[in-house]
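Undergrad: Let me give you the structure first, and then I'll get to my questions.
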Amino acid sequence: MARRPRHSIYSSDEDDEDIEMCDHDYDGLLPKSGKRHLGKTRWTREEDEKLKKLVEQNGTDDWKVIANYLPNRTDVQCQHRWQKVLNPELIKGPWTKEEDQRVIELVQKYGPKRWSVIAKHLKGRIGKQCRERWHNHLNPEVKKTSWTEEEDRIIYQAHKRLGNRWAEIAKLLPGRTDNAIKNHWNSTMRRKVEQEGYLQESSKASQPAVTTSFQKNSHLMGFTHAPPSAQLPPAGQPSVNSDYPYYHISEAQNVSSHVPYPVALHVNIVNVPQPAAAAIQRHYNDEDPEKEKRIKELELLLMSTENELKGQQALPTQNHTCSYPGWHSTTIADHTRPHGDSAPVSCLEEHHSTPSLPADPGSLPEESASPARCMIFHQSTILDNVKNLLEFAETLQFIDSFLNTSNNHENLDLEMPSLTSTPLNGHKLTVTTPFHRDQTVKIQKENTIFRTPAIKRSILEGSPRTPTPFKHALTAQEIKYGPLKMLPQTPSHLVEDLQDEIKQESDESGIVAEFQENGQPLLKKIKQEVESPTDKAGNFFCSNHWEGDSLNTQLFTQASPVADMPNILTSSVLMTPVSEDEDNVLKAFTVPKSRSLASPLQPCNGAWESASCGKTDDQMTASGQSRKYVNAFSTRTLVM
């Protein structure tokens, strides 16, 4: 048989002995030829008889020789069949107290993993028998009590989600083995669940009633948790399930004011108390077997929300909205209902005092805490009302930041749901305001949130873009000096080209170019500065790019660093006349000339030289002692 996963600490499987054996399993299919079906069928009576004879003739030392006489059987299969089924010395009866005590002692010595070693100390028992005996009976952590209803419920829900993966289910029930859970399900629970409806009614009662029709939750609603004594508006009746304390306002209830900025928000942000957060966790935890069904219903609700907002160009409210800080009824058109009917829903009634929270937050239905119940509200009304409620300080902060964001982020919560461990497949529709917005439905592809965004071709093929400051500088340059000219590169005549450019700019600006300083050309002086020992990078640049074919003279003359102290940035050749405003700016970047040395170098003082160079009496004595100590040893080669 195929191997089963071994993840539970109470698993009764072992990697070296997984094949279940029976004394006479001769009812299986006949062996099939081919490597694919090698050893996949049960042993026949003829194969067992032949294996017994071969063991009597050849012994149990070389199973490969025996396997040669049994087609479609390997040496390992022959060995396991003999040791676990056909061996006459194998004990298949009940375990004695002495054997149980021996197993306990050996497990304490070798641990609950080395079953082959443990089996060698028990004559007539194999490792699989010892393992199953320990996990099913002798392990002190294994529960031997009767099954409780809570354990049955866990098994029922886990089996609906995982199927016959008993090792995974055993992780949810500490103290129960996968084999015990499997036996309990097959012998008792499956019949009671399938035929008698066991645990099905209690499971439905414990789960929130979100399996209602699409008509009930496919609309935007402004609602609150109404106490049981609240009166429902006469215009309509509650929809499918009376557990919901909110009702839809019929389209006949017309109110006159105008809501300028309708925004879709999650209802639980506004009027769901904090204790209801636990209900949300129970709604959407990973163990919920109806999670997929809930997701589909939320997708349908989002589709309805989009259609309703598209149909609403102006959402009226009552005339005294600005004077009253509370909530008011709004007329919401539902275009998604198949028969045109409108299920009534109650909104918050008008009050001239601060609205009071429900007395019993725990009585709030779990359905009202769903993050997909949305509502339309007035911006100023929301801010004025929420500021009066200290219990909703966090709500105020969220709404204020939400309403002040750009229109591009109004549908952030609906377009970007929280990531789950499994990508959700569905069409998420955007919810936008009906004012100055494109009403085109935006459909997301499957698992779009987990995919790398596509790069536009224009970005890949476009030319490099010039930064804005450079654009302004180039524009000013073109206005002042004319359009830029692209000249061919002439590396061999670089010096001549630079001299021409400097001379041309100097002539245009009215300044005579000074090409000679102390009888030395300026460019040669520049190259000497770059060749200075303080700038090795300039040395590399000049040696590679300033060597011209036409330069036949020695360009790099030996010059002292003091002679090159004036900086080329202060030279008048490179400075063009500028206006007074520009001159003030450029002065900040002008490097001042280096100050010359005040006086020539003077000889050091004798006392200072003796102290700094180690010529004092103490230093001379220490140096002499060190030399004597070192000279006492012979010269040795340093071995690394």
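For all residues, glycine too, the Cβ spot is worked out from N, Cα and C.
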Undergrad: Would you mind telling me which of 10-62, 275-327, 487-539 Swiss-Prot tags as region 'Transcriptional activation domain'?
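TA: Feature region 'Transcriptional activation domain' in Swiss-Prot: residues 275-327.
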Undergrad: What whole-number Å value do you get for the CA-CA distance of Lys480 (N6-acetyllysine) and Lys503 (SUMO1 cross-link)?
TA: 18
Undergrad: Could you tell me which of these recorded positions, Lys471, Lys480, Lys503, has the greatest number of Cβ atoms within 10 Å of its own Cβ?
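TA: Top count of Cβ atoms within 10 Å goes to Lys503.
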Undergrad: Please list, for the domain 'HTH myb-type 2' (87-142), how many residues fall into helix, strand and coil according to DSSP.
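TA: DSSP classes over the domain 'HTH myb-type 2' (87-142) add up to 32 helix, 0 strand, 24 coil.
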Undergrad: Using DSSP, how many residues of the domain 'HTH myb-type 1' (35-86) fall into helix, strand and coil, respectively?
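TA: Result for the domain 'HTH myb-type 1' (35-86), in helix, strand, coil order: 31 helix, 0 strand, 21 coil.
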Undergrad: Measuring Cα to Cα, how far is Lys503 (SUMO1 cross-link) from Lys471 (N6-acetyllysine) in Å?
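TA: Spelling it out, the Cα of Lys503 (SUMO1 cross-link) and the Cα of Lys471 (N6-acetyllysine) are 26 Å apart.
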